[in-house]
Amino acid sequence: MGSSTSKVGLLPEPPAKRGYFSGFMKSVVSFNKNKDFEEDQSKPRRAPHLWSRTQGHVSDGAAARNRQANKAEVKFRTTFDPRVTARYDIKALIGRGSFSHVVRVEHRHTRQPFAIKLLEVRGNEGRELCRTELGVLRRVRHANIIRLEEVFQTPDRVYLVLELATGGELLERVVARGSFTERDATRALIMVSSGLRYLHSLGIVHRDLKPENLLYYHPGPDSRLIITDFGLACWSSKRHDWALRTLCGTPEYLAPEMVGGRPYGSAVDMWALGVISYILLSGSMPFDQRSRPRLFRAILRGSYSFHCEPWSSVSNQAKDFIERLLSLSPEQRMTAQQALAHPWLVGMASDSSNRSLHRPISQNLRQRASRASARSHGSGSAPGSRSAASPRSHPGHESCQLDGNRLQHGVMGSAETARSCRNRR
């Protein structure tokens, strides 16, 4: 997300209504009732994420394309391991990346929906991605963390069966609501902080926390919020919490110690939580620069403000919460445990203004999406996409290519966000 973005994350099923959020759009490939499928590329693309459903009919001019799609569908299905297809019906191809595909499936006996992430493990990058995701997901079990159901493995592929989150992304939910207050924000942040506290207690650093990776399990108002996308996650010993050095993640959410090339630990996730909190209460990015060098300089200086709307309507407690997370010093930054004990979260903003922040938040998100769309058209790139850009490598670090156009929900891949990203200890 200034230039917005987006491995294990669970894609929600396409919502019935179009929703804005501060990321970019991806197309959805789905199978129709006749088992045909096509990738919907006919409609104009906009920067806001829109879920597109394949129509049940196609025009006469699309007949040849439909036949090709049908052949591709048959080929795609036949590539699945028979053990997988014996247990699950493949319903829709949700997305794909350099090393993975994600499909929506149904269990043949229970008819319960799941998502299967197919990881290619032929190359070194594919093996590293698989090792990271599988290692983390097998270890974690928490209400606010995406859950791994089972795994199928072959010499070249790994199939991760994951719970399916259908409630949409965090910011989609914010925009879809008719009203949004600080109290609503604290409910979401409590769930994210709870998930982070659990991860950090296990020595797991997420390293790519952002709104696109925070999904509601179901569309209801009482849905839990779950953290997804663990392709860039890593293990950090409690004794050596500051031993990580790899520059990777989504640029707008990188902590200053990462940008500055210093060793870091779990505090980078808390910085990202501060950025998310800022967005959640304003619809704007705290560090919103048009170029990567400017963005990184702003992060290193901690240059953000509470001057624009709707900050005049936001409580001082909420601002204090954000300031304690966006501390330049990782040692001074709140931990997840401390965040959960902060008065603003403990009181669930009970003493804060009950004024709805929905209108300015929605306006800011839409304006941001419009600017992103204009930039993508002006650069000659396809709408909703940007060229990958590599920040300057820090001395002693591996060069990690940060791509601001990772597929939504992070389902696909760390390879798209950071090429050859390795932990240096």
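Yeah, the Cβs are placed from backbone N, Cα and C, and that goes for glycine too.
What you are looking at is a predicted structure, and each value in this text was computed from that prediction instead of being measured.
Noted in TrEMBL for the protein shown:
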type	residues	note
REGION	36-68	region 'Disordered'
DOMAIN	88-345	domain 'Protein kinase'
BINDING	Lys117	ATP binding site
REGION	351-425	region 'Disordered'
COMPBIAS	351-367	compositional bias 'Polar residues'
COMPBIAS	370-393	compositional bias 'Low complexity'
Message = Please list the DSSP helix, strand and coil residue counts for the compositional bias 'Polar residues' (351-367).
response = 10 helix, 0 strand, 7 coil
Inquiry  = Please report the three-state DSSP label of Lys117 (ATP binding site).
reply    = strand
Ask   = Do you know the mean pLDDT across the domain 'Protein kinase' (88-345)?
value = 92
